[in-house]
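Per TrEMBL, the feature region 'Disordered' maps to 1-44. The compositional bias 'Pro residues' annotation in TrEMBL covers 35-44. Annotation comment: TrEMBL describes 69-87, 99-119, 126-148, 154-175, 196-216, 228-248, 309-327, 347-367, 379-397, 647-669, 675-697 as transmembrane segment.
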Amino acid sequence: MLEERESKEPAMNPFQKNESKETLFSPVSTEEVPPRPPSLPKKPPPKICGSNYPLSIAFIVVNEFCERFSYYGMKAVLTLYFLYFLHWNEDTSTSVYHAFSSLCYFTPILGAAIADSWLGKFKTIIYLSLVYVLGHVIKSLGALPILGGHMVHTVLSLVGLSLIALGTGGIKPCVAAFGGDQFEEKHAEERTRYFSVFYLSINAGSLISTFVTPMLRGDVKCFGEDCYALAFGVPGLLMVIALVVFAMGSRIYRKPPPEGNIVTQVVKCIWFAISNRFKNRSGDIPKRQHWLDWAAEKYPKQLIMDVKALTRVLFLYIPLPMFWALLDQQGSRWTLQATRMNGNLVLNPFLVLIFIPLFDLVIYRLVSKCGINFSSLRKMAVGMILACLAFAVAAAVEIKINEMAPPQPGPQEIFLQVLNLADDEVKVTVLGDENNSLLAESIKSFQKTPDYSKLHLKTKSQDFRFNLEFRNFSVYTKHSMEERNWYSLIIREDGKSVSSMMVKDANNKTTNGMTAVRFVNTLHKKVNISLGADISLDVGEDYGVSAYRTVQRGEYSVVHCRTEDKDFSLNLGLLDFGAAYLFVITNRTNQGLQAWKMEDIPANKMSIAWQLPQYALVTAAEVMFSVTGLEFSYSQAPSSMKSVLQAAWLLTVAFGNIIVLIVAQFSGLVQWAEFILFSCLLLVVCLIFSIMGYYYVPLKPEDIQEPADKQIPRIQGNMINLETKKTRF
């Protein structure tokens, strides 16, 4: 049977010369398989402005821009949606966020299998894009406050995210590989540049969406709340545009047909080779040059060569997830670090847009002129080293933030401040085993105390008795307090005497660097306070205390307020990043209605500009590692397995997210130590990868297509003689 197929091979050569890079093959069977007709158009595909770049890639790049806008735009507000709309805690929100990210990078295997074995890349992109759009629609419906209750919102959100993960993951390996298919092999240099432009479109979409969707959420209100439905709906609309643009180029695309169930063939080929090797362990049977050569009795030589190329690259991928474990923390750990700093920073996508042309047009060319062979694997290794340095810098920044942060109460400790709202000074003494004055001097009326005082508890919670000396009166009061909390003792005038009330303060920084405010109303009427578009709160009369409310950082010089019979405005001044403020609304006859401002938690003091070095390093690492790896995965893949290897590349990202989850959940380290741990782990992985890369022999185009004059192996019983190219791992 093999001899018959060998005699027919020359008849297929004309098709091989005219086709795209994809080489057709099928497993040996007992029936003749007629050769497939060529799938390419007779006329050369149109080019962009007379260059060697196919016009079809313009549709693909625009499609990728819109799709990435859709994906990153949705993710930009996803954590806030979990926290403030679904009311999940931070741990649950972070876990679901990373689980969704991991799922988005596991589903490419499914998309690649569908593309290579059934529908082809073009149809797979079309059909899974429809699933993608449906996911956005369901996700947007789940963000409508009027549509059901909490359970309905949760179910719709999880279903929508699952469909989005299937859609974005399924098309992810197909789009990049489909763009590479548009180039002829002689235009390999242009194809390399295409992958850089492709990555540029990814980050351009990410950059713009990261600015736009948070504005849609915060600046537009739906049913009196932040408009998450619009923030999710606009990315869904962009996905519809991506689908339409991609479909518009249908007539000019090169569409290599699917090669059959490639994943199944690869698995069966590997399994047969392993099992056949164990069946023929006798010392009388000659050894073969490669362990996959033991599959030659059942599978064609071209398939075996392709699987060899595939396994060599997959072996090289084993250390790669650790790089992604570091890179993807920009959206979690580094973002949390930024919330404890002063400023806003959306830097990575912007730097990528600058660094890609900088590296392609300047740095790589200068390195080449110096006579240095800067191969793809060397670029990726240098990218790993830069990521190590980025996390070392992040650890240094984290240590500096901790040094500037206010101290936290420990076990059996509380922090207490006194707010004297009476018209005269008050002396406060804590009654117990030792009578201790909280402050050496009496607290004057509306005096801003310099700091919290620390009190020690005998148990986890304790009742404290206070003596308040006001004019000629002494008032005794008792309040219960629990360890590790911050409190404010508010003293108010009660006729000719005074009384007190104890309120619990915020004890840590607010989420995402926002500002927290609350109010004490000394008026005899309830006050309604408007802090922005549809953001208002009510404060009860006669020293009513509101709950904390988070607002955006900014200058609040005119805040509209009203009672049942009067409208007035308050000047709250600058509300800075990460601070928590207490405002006391007073009506002094000589000054009118005012808001007395106290800072419960100080604003973030460290500028977010300190994150610039770590972002510059990690972005350079991303450009050298990710862009190079994307093109490397395409160029080293056998023509029949382009999508499969792209999916395997993306699968390393999924495993990287899993590493983050495991380390974050079980390391038990403080944040700076965790950054150092990741940096050291990647340094070790970089060393391993460099050794593996040293022994890796790059695949050349002629290596992945079987020459016509090459001899087909002849079976002699259970024996086989093979001609194979020697390769090193």
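From the backbone N, Cα and C atoms, a Cβ is placed for every residue, glycine too.
Residues 67, 70, 74, 81, 85, 111, 114, 119, 154-157, 159-168, 170-171, 222-223, 225, 228-229, 231-233, 235-236, 239-240, 242-243, 246-247 of the same chain sit 6 or more residues outside the transmembrane segment (126-148) yet have a Cβ under 8 Å from a Cβ within it. By the Cβ criterion (under 8 Å, sequence separation of 6 or more), the transmembrane segment (154-175) is not in contact with the transmembrane segment (196-216), since fewer than 3 such pairs are found.
Most Cβ pairs within less than 8 Å of the transmembrane segment (347-367), among stretches 196-216, 228-248, 309-327, 675-697, belong to 196-216. Residues 71, 75, 78, 125, 127-128, 161-162, 164-166, 168-174, 177, 258-264, 328, 331, 640-644, 646-648, 650-651, 653-654, 657-658, 661 of the same chain lie 6 or more positions beyond the ends of the transmembrane segment (99-119) yet place their CB under 8 Å from a CB of it. Remote same-chain partners of the transmembrane segment (309-327), defined as residues 6 or more beyond its termini with a Cβ less than 8 Å from a stretch Cβ, comprise 266, 270, 292, 377, 383-384, 387-388, 390-391, 618, 621-622, 625-626, 629, 633, 636-638, 641, 644-645, 648-649, 652-660, 663, 678-679, 681-682, 685-686, 688-689, 692-693, 696, 699, 703-704, 727, 729. Between the transmembrane segment (675-697) and the transmembrane segment (379-397) there are 3 or more Cβ pairs closer than 8 Å, counting only residues 6 or more apart in sequence, so the two stretches are in contact. When Cβ-Cβ distances below 8 Å are used as the criterion, the transmembrane segment (196-216) is approached by residues 57, 60-62, 64-74, 76-77, 176, 179, 227, 230-231, 234-235, 238, 346, 348-350, 352-353, 356-357, 360, 623, 626-627, 630-631 of the same chain, each at least six residues removed from its ends.
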